[in-house]
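To keep things clear, I will list the structure first and then write my remarks on it.
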Amino acid sequence: MGEFMNSGMGIILTIAAQGLLVIAFVMISLLFLVYGDRKIWAAVQLRRGPNVVGAFGLLQTVADAAKYIFKEVVVPAGVDRPVFFLAPLISFVLAVLAWAVIPFSPGWVLSDINVAILFVFAASSLEVYGVIMGGWASNSKYPFLGSLRSAAQMISYEVSLGLIIIGIIISTGSMNLSHIVEAQDGAFGLFNWYWLPHLPMVALFFISALAETNRPPFDLPEAESELVAGFQVEYSSTPFLLFMAGEYIAIFLMCALMSLLFFGGWLSPIPGLPDGVFWMVAKMAFFFFLFAMVKAIVPRYRYDQLMRIGWKVFLPFSLGWVVLVAFLAKFEVFGGFWARWAMGG
């Protein structure tokens, strides 16, 4: 048995099994994410939300997914059929692909590569192609305008996200997500995590993540009052389901990145309590709760306001922060205290 597992076929089967586990976790989480999002939104609006299908409405998401899958796929006249159907698949696959390098605990990662942050950033950046392809292939003005908005918005806020991540890389000296979490380990629990020395960047990362995932109040590419449903107007059935699933998976990915980069990942916030997967999942769930609350209580921005904030506020501030972190780390200002603190020392 040991010889087989060390053989080429054994390694391939092991990687395939691990990949299926990651996909299973993402898909099961997706069911609860949609359910939780709808429940939180309903609670803010003093409604009950899903409560009929299954206990407490837990099976409502399953019923909705089945409804989408078995619906007829309506293809409008004049669309580019290959590109039209390829677009949602690209968005979904890229959203799932990024989870291959997300560690949940020491050893609980599909591929613990040294350029994990770069891999995640590349996969999330490529998702914009699915949106652009879907809007262009639909042969309709509303999807096309929505896709153009989405492309401009995602590219604008990816710059800020990249600069924020560079600050973390400078502090850690590594692009490996496991190493970044290990650098935040210390005797003071949550006060060793990067949220404290990089506090301004936590807020910027959260807001940029909202814009990057087209989440309210930055859901301009699919603003109902302006573009109906944006680039998704002409989609129905399974293709629409893939777009929606990719969006929620990308949101949960941003929650995972916030947990890993700023809040210690699987590390316990209280010294003495054991570290583990529980803390990682709990932090991700908390950040998704914040995403859902923002959706429920913050009004939508105008498109010009969104772009102005991204280029005139977030970009210069995050760039200045990178310069500051690099200066403090290089010249060991304040006797090296800040550098050792920011580097987990």
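Each Cβ is built from the backbone N, Cα and C atoms, and glycine gets one as well.
Database features (Swiss-Prot):
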- 11-31: transmembrane segment (TRANSMEM)
- 50-70: transmembrane segment (TRANSMEM)
- 84-104: transmembrane segment (TRANSMEM)
- 115-135: transmembrane segment (TRANSMEM)
- 161-181: transmembrane segment (TRANSMEM)
- 187-207: transmembrane segment (TRANSMEM)
- 248-268: transmembrane segment (TRANSMEM)
- 277-297: transmembrane segment (TRANSMEM)
- 309-329: transmembrane segment (TRANSMEM)
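By number of Cβ pairs under 8 Å, the transmembrane segment (277-297) is matched best by 84-104 from the list 11-31, 50-70, 84-104. Within the same chain, residues 30-32, 34-35, 38-39, 42, 237-238, 240-241 sit at least 6 positions outside the transmembrane segment (50-70) and bring their C-beta atoms closer than 8 Å to a C-beta of that stretch. Through the fold, the transmembrane segment (84-104) approaches residues 19, 22-23, 25-26, 75, 110-113, 116, 119-120, 123-124, 126-127, 129-131, 133-134, 137-138, 177-178, 181, 234-235, 239-240, 242-243, 245-247, 249-250, 253, 256, 260, 265-266, 277, 280-281 of its own chain, all at least 6 residues removed from its boundaries and within a Cβ separation under 8 Å.
Contact count against the transmembrane segment (248-268) (Cβ pairs under 8 Å) is highest for 187-207, out of 115-135, 161-181, 187-207, 309-329. Sequence-distant contacts of the transmembrane segment (161-181) (same chain, at least 6 residues past either end, Cβ-Cβ under 8 Å): 101-103, 106, 109, 112-118, 121, 194, 197-198, 201, 204-205, 208-209, 212, 260-262, 264-267, 315, 318-319, 321-322, 325-326, 329, 342-344.
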